[in-house]
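Novice: My questions will all concern the structure given below.
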Amino acid sequence: MAKQPGLDFQSAKGGLGELKRRLLFVIGALIVFRIGSFIPIPGIDAAVLAKLLEQQRGTIIEMFNMFSGGALSRASIFALGIMPYISASIIIQLLTVVHPTLAEIKKEGESGRRKISQYTRYGTLVLAIFQSIGIATGLPNMPGMQGLVINPGFAFYFTAVVSLVTGTMFLMWLGEQITERGIGNGISIIIFAGIVAGLPPAIAHTIEQARQGDLHFLVLLLVAVLVFAVTFFVVFVERGQRRIVVNYAKRQQGRRVYAAQSTHLPLKVNMAGVIPAIFASSIILFPATIASWFGGGTGWNWLTTISLYLQPGQPLYVLLYASAIIFFCFFYTALVFNPRETADNLKKSGAFVPGIRPGEQTAKYIDKVMTRLTLVGALYITFICLIPEFMRDAMKVPFYFGGTSLLIVVVVIMDFMAQVQTLMMSSQYESALKKANLKGYGR
């Protein structure tokens, strides 16, 4: 059979076409996200809200606004952001460990994964309703903010709750669509887009502070150096691996004899990625935000106290944030990596770690190595998230230059680029396979 001219080009073009479609879908989804962040909740005076957020600079409210992509400052329907979904995911994942029924469902494979996802959606709905009620009832009672809600009453409460819940559920659906039909993790990309959208105004505000003399030029230079240093360090660690040597003994399958081979099992230093930072932020933001909204009301003074203790830079905030990061590093790594399963797969394929017996001993060895790596990864994420926060608080620069936001931006970009490269390589691999098949037919 003769080789058809231009078929290789068409195969390569088809692979690039798939990549192009996925990229365009991600871009389109992010455009929708940005448009939605400008659609306001009816009945709120945006000018008064902007004044409120100006007073809340450097507090947990500004941090919440950063994660929502500025939607909170515009009283948008996306003001809750994707945080209720993340909180629900944390709760469901924890329950799959401690609840026998959910643990069994999780073991059912694809069908179990779909059920867990469905429960997460239900949890998101409940948390979104709870948080939206908190915001809707808390806004009219904010101290010194008369006129924030133009006409407080049942109509406003109902409209605000429906708008906020609908916005969160839409963002959850949009994130799932990006994961399925786009590139990368949809939820991480939405958070990334929210942070990046606020970077230009934050940079402009910082430069303006330096120009007016409110911020010393050397401090501005130090901030720039810190940002580049953190970015470099994140890239360096995220690409770091611990390679366990794996040997394949000489074996025979049918009539073919395979010679002994040596390779390695790569284990990332930070296997959990950016998830611990996002989960920890969600855990801190949820009670702190509710306390901030309700704290001004009569009889809720104890919530004001909690809100003050949970502000960025406070000892309790630092302790809880660091503890949450370390916990979620170990928890999420245990979810995505199973040493026993890895050891069993090595044993089935005839591979072994030199000096370690296959099976149980190999599983224990891999688990020990992974535990040490996870500890290093947890300390690294804690350092990245907290040290720049202290410096940011001392220099009075926006949250966008903090360690958490920089970590999320850098890691999401790296994961995105890695998936783009994977898609391109898979399209080239398919093209090579088709080419090999055509050569076989032509003989």
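Along the chain as shown, residues are numbered 1 onward.
Each residue, glycine too, has its Cβ placed from N, Cα and C.
Worth saying up front: this structure is predicted, and the values here are computed from it rather than measured.
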Novice: Given 116-131, 244-259, 420-435, which one carries Swiss-Prot's transmembrane segment label?
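Specialist: Going through 116-131, 244-259, 420-435 one by one, Swiss-Prot flags 116-131 as transmembrane segment.
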Novice: Does Swiss-Prot give Gly17 and Ala155 the same topological domain, putting them on the same side of the membrane?
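Specialist: For Gly17 and Ala155, the topology recorded in Swiss-Prot gives opposite membrane sides.
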Novice: Below 8 angstroms Cβ to Cβ, which residues of this chain, lying six or more residues outside the transmembrane segment (61-96), approach it?
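Specialist: Apart from its flanks, the transmembrane segment (61-96) reaches 33-34, 36-41, 44, 46, 49-50, 53, 102-103, 105-106, 116, 119-124, 126-128, 131-132, 135, 163-168, 171-172, 175, 187, 190-191, 193-195, 197-198, 278-279, 281-283, 285-286, 289, 292, 312, 328, 331, 335, 398-400, 405.
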